[in-house]
Amino acid sequence: MKTCLIFFLYTTILQYYFHFSVSSLSTPLLLHLSHSLSTSKHSSSPLHLLKSSSSRSSARFRRHHHKQQQQQLSLPISSGSDYLISLSVGSSSSAVSLYLDTGSDLVWFPCRPFTCILCESKPLPPSPPSSLSSSATTVSCSSPSCSAAHSSLPSSDLCAISNCPLDFIETGDCNTSSYPCPPFYYAYGDGSLVAKLYSDSLSLPSVSVSNFTFGCAHTTLAEPIGVAGFGRGRLSLPAQLAVHSPHLGNSFSYCLVSHSFDSDRVRRPSPLILGRFVDKKEKRVGTTDDHDDGDDEKKKKNEFVFTEMLENPKHPYFYSVSLQGISIGKRNIPAPAMLRRIDKNGGGGVVVDSGTTFTMLPAKFYNSVVEEFDSRVGRVHERADRVEPSSGMSPCYYLNQTVKVPALVLHFAGNRSSVTLPRRNYFYEFMDGGDGKEEKRKIGCLMLMNGGDESELRGGTGAILGNYQQQGFEVVYDLLNRRVGFAKRKCASLWDSLK
């Protein structure tokens, strides 16, 4: 009887501890995102920063549609390259910095010894390759996580590769460390890696999650920095958190501080909020129960605008939404059919992406937007053709006076689900010249990009909403209700208020 009582008390304490440390958290967890430029001296000119960012955006988008990769069932766009998150894995107190990427579904980082092929032109990692802690364990070949890492390959095949005896495979007895998950290959749009799957504890502020699964890579191609995948797959960070704590894993949001490549602004932390839910008093914009007695415009500006996530059979980890059109001033330009829906082959839709800098649109739709924009701005300001090739952006203009820029509104699917972008999110102004060759002049560029002809995009993503256009918004990924929301925020102030 005494033994039973002790055992009961022991298990109760364990349950209480686990419940307290993971499941009972009713408040969101706040993490900070740092821009990759914040770790550098950031002495590059605006033109150089624009060119490098536009080149990365184009590569991340276009290489996803490369014909040589069409045979692959599921391929992330590319690893993210703008915002870094710091995580602590295992018993070691040291943290590892990873790119936050909503376009992929795996958490991985470089492990010692580490070799990166073709990384000479890549940014230096903010932290050295990690060593596995003594508490790390290999994931067995029969684990569902192993199958997920191997693109849903059956566990029987994986265990056969791991030399698990046939009778063990038939009886399901391969679930030991003696038969680990085989190394897996993971490809991005412009890089790849080979890694092994491990399990260890994940430490976040106020919470520790046991049995967290991650990839440990000893060799990569053009990928010197690890990635925290926040996509919709089984191995993503939100999905694994949801297993331990639905509150933390069923919703997350970030609020990217508006920086315009300014060296001071780019060093401000941007809040990443795990377990962020819309307050019950804060009504969803565009629903039938949205009946305000007063016309409080300020309150409405702070409300979330939601649009439903689209299901993608080919890329199930993407946060794809339906774009109905874009307004330039008072003119609404309808979006092509491929941006409104996803076809049976997984083509189309707009991916809300944290890892691509600039928004990419299909050529015909992009040209219609540019034509309307240019008809309003170009009739007053001289076109800066010389700057466009060196910036990667178009159109650009010389600004000799105060420029009147038409409003730009994104119309997503859903009743009143429209998002008005702040001017700085789509029109970048900077000084160029003054080097003795050209006089110093003020220039402004439209910050949208041509993603290529629709014929080239078939079977792949139709468009991408880049992180530059997401600045100054809290973007919430409501995984429980399968929707994405946008609300205007002063992100730097939000960080200060939530700390």
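Any Cβ shown, glycine's included, is placed from N, Cα and C.
The 10 Å shell around the Cβ of D101 (active site) contains 30 further Cβ atoms across the protein chains shown. Taken from Swiss-Prot, the feature active site covers D101 (among others).
Summarising the annotation, Swiss-Prot assigns active site to D353 (among others) and lists sequence analysis as the type of evidence. The 10 Å shell around the Cβ of D353 (active site) contains 29 further Cβ atoms across the protein chains shown.
As annotated by Swiss-Prot, disulfide bond applies to C111-C119 (among others). Within the same chain, residues at least six positions away from C119 (disulfide bond) with a Cβ under 8 Å of its Cβ are T220, A222, E223, P224.
Annotation comment: Swiss-Prot describes C396-C445 (among others) as disulfide bond. Secondary structure at C445 (disulfide bond), taken from DSSP and collapsed to helix, strand or coil, is strand. Counting every protein chain shown, the Cβ of C445 (disulfide bond) has 24 other Cβ atoms within 10 Å.
Residues annotated as domain 'Peptidase A1' in Swiss-Prot, with sequence analysis given as evidence: 83-487. Taking the domain 'Peptidase A1' (83-487) as a whole, pLDDT averages 89 in the prediction.
Within 10 Å of the C-beta of N175 (N-linked glycosylation site) we count 16 further C-beta atoms, all protein chains included. Annotated N-linked glycosylation site per Swiss-Prot: N175 (among others), in sequence order, evidence recorded as sequence analysis.
Sequence annotations record features per position, and here Swiss-Prot assigns N-linked glycosylation site to N211 (among others). Secondary structure from DSSP puts N211 (N-linked glycosylation site) in a beta strand.
Residues or ranges marked as N-linked glycosylation site in Swiss-Prot: N400 (among others). DSSP assigns N400 (N-linked glycosylation site) to coil in the three-state reduction, outside any helix or strand. When Cβ atoms from all protein chains are considered, those within 10 Å of N400 (N-linked glycosylation site) total 11, not counting its own.
Residues annotated as N-linked glycosylation site in Swiss-Prot, with sequence analysis given as evidence: N415 (among others).
Annotated signal peptide per Swiss-Prot: 1-26, in sequence order.
The Cβ of N415 has fewer other Cβ atoms within 10 Å than any other of the glycosylation sites N211, N415. When Cα-Cα distances from D353 (active site) are compared across the recorded positions D101, N175, C396, N400, C445, the shortest belongs to D101. Take the Cα of N175 (N-linked glycosylation site) and measure to each of the disulfide-bonded residues C111, C396, C445: the nearest one is C111.
The two recorded residues, N415 (N-linked glycosylation site) and N400 (N-linked glycosylation site), have Cα atoms 41 Å apart. When the C-alpha distances from C396 (disulfide bond) to the recorded positions D101, C111, N211 are tabulated, the minimum falls on D101.
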